[in-house]
Amino acid sequence: MSTAVTFFGQHVLNRVSFLRCSKEFIKKSLNHDSTVFIPFIEGEALISPENGDLVQLSNSVKSYKNILSAIVPLYTTLLNTTRSRSDESGINVTFLGLLEGTDSAFNFEWSNISYKGTPYFGLDIRVTESTLFKKVDFEPIFSYPKVTRDHIFKQTNEDASLYSQGKMYLDWLAKYKFCPGCGSPLFPVEAGTKLQCSNENRNVYCNVRDARINNVCFPRTDPTVIIALTNSDYSKCCLARSKKRYGDFVLYSTIAGFMEPSETIEEACIREIWEETGISCKNIDIVRSQPWPYPCSLMIGCLGIVQFNSKNEVINLNHDDELLDAQWFDTTEIIQALDKYAGGYRVPFKNDINLPGSTTIAFQLINHVCENYKNLRKTSSSHL
């Protein structure tokens, strides 16, 4: 498997996940002068109207300092209580990690080890007339434009990766408000990275509250397989067009689908390939992965190598009604398109067909096929 960095997947922060349980650490990091907050409004981040960058709140900007001084000290008193719930407070807050190697004076001692860096938090603003915090507490950022996909794909991978991490945690906090075991309100603990049932009545059984560990109190990530289909010499690549429209352009891409319970990555790939295209493929290699914050997927990028025998490679779209078209394309044609690609959300291919742009794992998988084809040709030529 490749360790190449994908968009949204850059290692930016040391998450120091073992420190989230320390209330002292969270209090100190929330209130430190160097701390940075990435604000979201109703689940979406903001773009600076001045320079188009992802908005990050810190005390170095006066208007942002006014916001932080109004909310952070009060929110700190709500930590690990039901009053911190966004329905009551008007905000969700989650600790993202420490940006190491900065000139921040933040320092925390834990087990005789010193942890240093700039603390980063995600902040989702969901204020109403009845919440503790009000809209006026967050002026002027309520007038800022919200991030669109077009915006985020123009950001640096560092900022996009911070955005992705914050968005996934905050989306989860916003969606899961009540305990599936007893219906009581859930409230965030461990700096917004875990949810806890608020039911204190021990006469009421709750399999969430009483379990030593369970999977509803932690953030969820949905594993999704995405596969570039090729043949044994990489001279062909199967690309498909979904019936879903993506703007006013024609997009052909790789095969993708959610994994199902009790399914291996390889079996999920084999199933998705057959269900969507009718192609029989048994040879699956895992290539690389990409976080995808829409809303909380982990794209597991794979290569499917089809043994052509006039049967395996035959396309049949009649199983699943998801695709509009699927075709085997010559890899040489794709290479020509990638060679001309100058960046952007999509790659012009042939006729009116476009391929996914470089911020997607689909692009990297398609490029992986092309590079394997070129390398195989070089090896063959060297033996002549």
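Cβ coordinates are placed from backbone N, Cα and C, and glycine is handled just like the others.
Annotated by Swiss-Prot as motif 'Nudix box', the relevant range among 15-36, 257-278, 301-322 is 257-278. Among the candidates Ala228, Ala256, Ala362, the residue that Swiss-Prot annotates alongside Glu276, Glu322 as binding Mg(2+) 1 is Ala256.
Cβ atoms within 8 Å of the centroid of the Cβ atoms of Glu272, Glu276, Glu322 (the Mg(2+) 3 site) belong to the same-chain residues Ala240, Ile255, Ala256, Gly257, Ile273, Glu275, Thr277, Asp320, Leu323, site residues excluded. When Cα-Cα distances from Cys206 (Zn(2+) binding site) are compared across the binding-site residues Phe258, Glu272, Glu276, the shortest belongs to Phe258. Summarising the substrate site geometry, the residues cited as binding it (Ala256, Gly257, Phe258, Glu272, Glu276, Glu322) extend over a maximum Cα to Cα distance of 13 Å.
DSSP assigns Gly257 (substrate binding site) to a strand. The Mg(2+) 1 site is set by Ala256, Glu276, Glu322; from the centre of their CB atoms, other residues of the chain with a CB within 8 Å are Ala240, Ser242, Ile255, Gly257, Glu272, Glu275, Thr277, Asp320, Leu323. Ranking the binding-site residues Glu272, Glu322 by C-beta neighbours within 10 Å puts Glu272 at the top.
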